[in-house]
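Participant: Attaching a single structure in structure tokens format; questions to follow.
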Amino acid sequence: MTHWPSIVVATPAHSGVGALLSYRSESALAPGTLVRVPLGAREVLGIVWADETAPPEGLAPEQARDVAAVLDGLAPLNGRWRQLVQFAARYYQRSLGEVALAALPPTLRDLDNTQLARRLKRQAKAAAIGAAPASAADTAPPPSDEQAAALAALAGADRPALLFGATGSGKTEVYLRATERALAADPAAQVLVMVPEINLTPQLEARFRARFEPRHGEGVVVAMHSGMTPPQRLAAWLAAHSGSARIVLGTRLAVFASLPGLRLIVVDEEHDPSYKSQDGARYSARDLAVYRAKLESEALAAAGPDAETSPASAPAGAAGCQVVLGSATPSLESWHAAEQGRYLRLAMPARIGGGALPRLRLVDMNHQPKGATLAPPLLAAMQERIARGEQCLVLLNRRGYAPVLACDACAWKSQCPHCSAFRVFHKLDRTLRCHHCGFTSRVPRACPDCGNLDIAPIGRGTEQIEEQLAGLLVDARRPDGGPARVARMDADTTRLKGSLEAQLAALHSGEVDVLVGTQMIAKGHDFRRITLVASLNADAALFASDYRAPERLFALLMQAGGRAGRDARHSGVSEMWVQTWHPEHPLFAALKTHDYPAFAAEQLAEREMAGMPPHGYQALLRADARTQAAAQAFLNGAAQQAAGLPHRDDVTLYPAVPLTIQRVANVERAQLLVEAASRAALQRFLSAWQPVLLACRTLPEARGLVRFAVDVDPLAI
Ligand code: ADP
Ligand code: ZN
Ligand code: ZN
């Protein structure tokens with residue numbers, strides 16, 4: 001009998017074409033089956049979404065094309081996975097085809113069944129060989145009382161858990177033990193552990209491997225992040241999909257991994273903005289993780305203990321698949337959910353070993369020598385640390401040597417010709433580089449406008465601080481009499497493969513006394529000999545127009561401070577120095593007492609008054625165009641034509657405005673804010689609005705529109 005499966009293929013987000021296309025097949029194809037189908041002149045990867053025994057209305061049987069190949073060596077993607085991508089596509093206003101196909105490794109398309117069978121066999125064999133009986137000694141330390149209590153509460157949790165644990169309280173150990181428990185409960189169980197950034201994966205991966213490989217074999221942990229090569233991504237995906245990998249450790253894209261045995265999801269540093277994708281489907285991997293756990297749990301409950309899983313997989317009290325969100329400074333969304341009882345809060349306020357959190361030292365820059373980049377008392381404190389053989393971290397959120405180069409004699413500045421931004425001066429290779437579009441040129445010998453030879457850097461970046469510190473600390477001596485060693489770590493020094501690991505290793509082994517870097521050094525790393533952390537330019541965030549800036553600054557400073565005094569032997573002396581022109585700012589009062597709950601309460605009260613998230617819901621309509629007028633015309637046109645739409649009265653549409661950096665790579669950018677009192681109302685309106693947006697692309701005054709996108713639950717407005 002002829003079948004007419006509808007198949008999902010990759011379609012651009014706003015093509016207006018449904019992602020589901022009908023094909024012809026001589027055999028029945030189960031939903032979730034991967035296939036190759038002709039599309040125009042190409043052959044593309046597709047996913048069977050539904051099987052039909054009659055051709056769809058309007059499709060003449062002779063026009064239908066045949067499914068070209070079926071990847072039947074692979075189990076179909078299960079119903080929960082399909083529900084997840086379907087939900088993500090709908091919620092984030094993208095096409096199903098875009099979301100579903102982006103979630104698969106692209107090289108899957110090039111595999112035939114023979115290759116596939118060979119690969120899967122090899123992976124299964126590797127897993128079997130590796131699975132030696134527990135040979136290595138288990139290195140797990142006995143859990144602290146707080147860890148034990150958190151794990152006990154988690155075992156019975158019927159809701160998402162928010163692990164609110166101070167930096168160094170041993171959250172990772174809780175993840176490891178929860179993982180161990182999930183794996184032990186069911187031989188097919190799988191665990192997904194997410195971290196915000198690639199540079200945090202090596203250390204965590206090492207800890208998970210050390211813990212689980214001795215007992216479960218070499219293939220038990222796989223990584224998934226955007227830094228992997230296509231063959232590596234394919235191998236990891238297949239290992240997860242086939243179940244040979246039991247633990248997947250990855251960045252936000254891992255939330256879409258096919259994990260048929262998923263029983264636990266961990267989202268570490270859940271407040272981190274990196275979990276929100278900034279292009280394509282602008283999904284929040286944290287929010288999807290919570291949704292995914294719910295889907296998995298519902299499916300397990302519906303299936304009952306007999307179907308698909310063994311009874312052992314349903315531990316008493318705990319429903320199916322758990323999700324743990326961990327942070328020392330949770331997002332206000334998650335904190336609010338815990339306050340309301342929607343999430344279960346597990347608190348671990350104490351550091352392992354009883355160490356104290358670093359003492360906050362505010363440096364009032366109003367009382368420092370004019371033009372000083374580093375206040376003298378801070379320098380003195382650093383010298384003391386160096387003399388004792390301890391390490392310092394210096395944080396500055398700006399890489400390069402100086403953010404602007406300017407002429408003394410005329411108005412010339414290192415403006416990027418393609419963006420409304422300055423090109424950054426990089427001294428090492430004497431270039432001017434635009435951090436927005438990448439445009440790079442040699443530093444001119446003289447002013448391009450007036451020929452003046454005096455062109456000078458304005459402001460400071462990490463490269464300059466590194467240089468200055470080397471000079472300022474020239475007299476500092478280590479306990480062995482050697483000079484202080486200053487190093488820098490940022491996106492520029494870690495570009496080459498392996499360089500990040502090498503730099504971290506140098507710091508761990510004590511080859512560096514002072515490390516200068518961007519926020520990359522503030523996150524997650526378990527450094528042992530750091531007793532002083534300094535933040536040089538926190539002020540910008542205090543008065544930023546973005547209402548989330550204080551939340552982000554508080555998290556960054558807590559997290560950076562968390563790098564200090566992790567070894568209890570040093571903890572009594574560890575300090576967090578913050579240079580500021582506004583020491584009286586209330587944020588610092590909460591920071592001084594490490595009082596996140598107080599800070600969160602104050603911020604949530606402000607948000608409630610203003611109807612801001614989590615007390616209100618937002619979406620942005622963004623437009624890129626050749627001219628700012630065209631971008632705004634599209635947005636304002638879309639707003640006007642929303643009149644009369646169903647649910648229009650449930651939302652507020654604000655006038656279009658240019659983005660802070662309004663032009664990037666010769667494209668003008670603008671956005672329009674949509675607000676609603678409830679998530680459901682916002683969703684209903686956005687769905688109704690979608691056809692209007694498509695129609696407005698052809699408005700005469702929007703000529704020159706390049707693209708538009710909807711950002712649901714945006715992080716920066
Ligand atoms: P967090 O992720 O909360 O910042 P970690 O999980 O990295 O903290 O733990 C901090 C340090 O304490 C790590 O070096 C870890 O090995 C150690 N640690 C964690 N739990 C224990 C424990 N129960 N006993 C001894 N050491 C522990
Ligand atoms: Zn000039
Ligand atoms: Zn540029």
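In case you wondered, yes, glycine gets a Cβ from its N, Cα and C as well.
Relevant sequence annotations retrieved from TrEMBL are reproduced here:
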- 152-348: domain 'Helicase ATP-binding' (DOMAIN)
- Cys407, Cys410, Cys447, Cys450: Zn(2+) 1 binding site (BINDING)
- Cys416, Cys419, Cys434, Cys437: Zn(2+) 2 binding site (BINDING)
Participant: Measuring CB to CB from Cys434 (Zn(2+) 2 binding site), give everything in the same chain under 8 Å that is also at least six residues away in sequence.
Facilitator: Cys416, His418, Cys419, Ala421, Arg423, Val424, Thr440
Participant: Identify all same-chain residues not among Cys407, Cys410, Cys447, Cys450 whose C-beta atom falls within 8 angstroms of the centroid of the Zn(2+) 1 site's C-beta atoms; report them in sequence order.
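Facilitator: Sorted by sequence, the hits are Asp408, Ala409, Ala411, Trp412, Pro448, Asp449, Gly451, Asn452, Ile455.
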Participant: Can you check which residue among the binding-site residues Cys407, Cys410, Cys416, Cys419, Cys437 has the largest number of Cβ atoms within 10 Å of its own?
Facilitator: Cys416
Participant: What is the Cβ neighbour count of Cys450 (Zn(2+) 1 binding site) at a 10 Å cut-off, with all protein chains included?
Facilitator: 13
Participant: Within 10 Å of the Cβ of Cys447 (Zn(2+) 1 binding site), how many other Cβ atoms can be counted across all chains shown?
Facilitator: 19
Participant: How many Å separate the Cα atoms of Cys437 (Zn(2+) 2 binding site) and Cys450 (Zn(2+) 1 binding site)?
Facilitator: 26
Participant: Taking ligand 3 as the reference and 6 angstroms as the Cβ limit (strictly under), which binding-site residues among Cys416, Cys437, Cys447, Cys450 are close?
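Facilitator: If the test is a Cβ under 6 Å from any atom of ligand 3, the answer is Cys416, Cys437.
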Participant: So if I take the binding-site residues (Cys407, Cys410, Cys434) and measure from each Cβ to the nearest atom of ligand 2, which come out below 6 Å?
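Facilitator: Only Cys407, Cys410 meet the Cβ criterion.
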Participant: List the other residues in this chain whose Cβ sits within 8 Å of the Cβ centroid of the Zn(2+) 2 site residues Cys416, Cys419, Cys434, Cys437, in sequence order.
Facilitator: Pro417, His418, Ala421, Arg423, His435, His436, Gly438, Phe439, Val664, Ala665
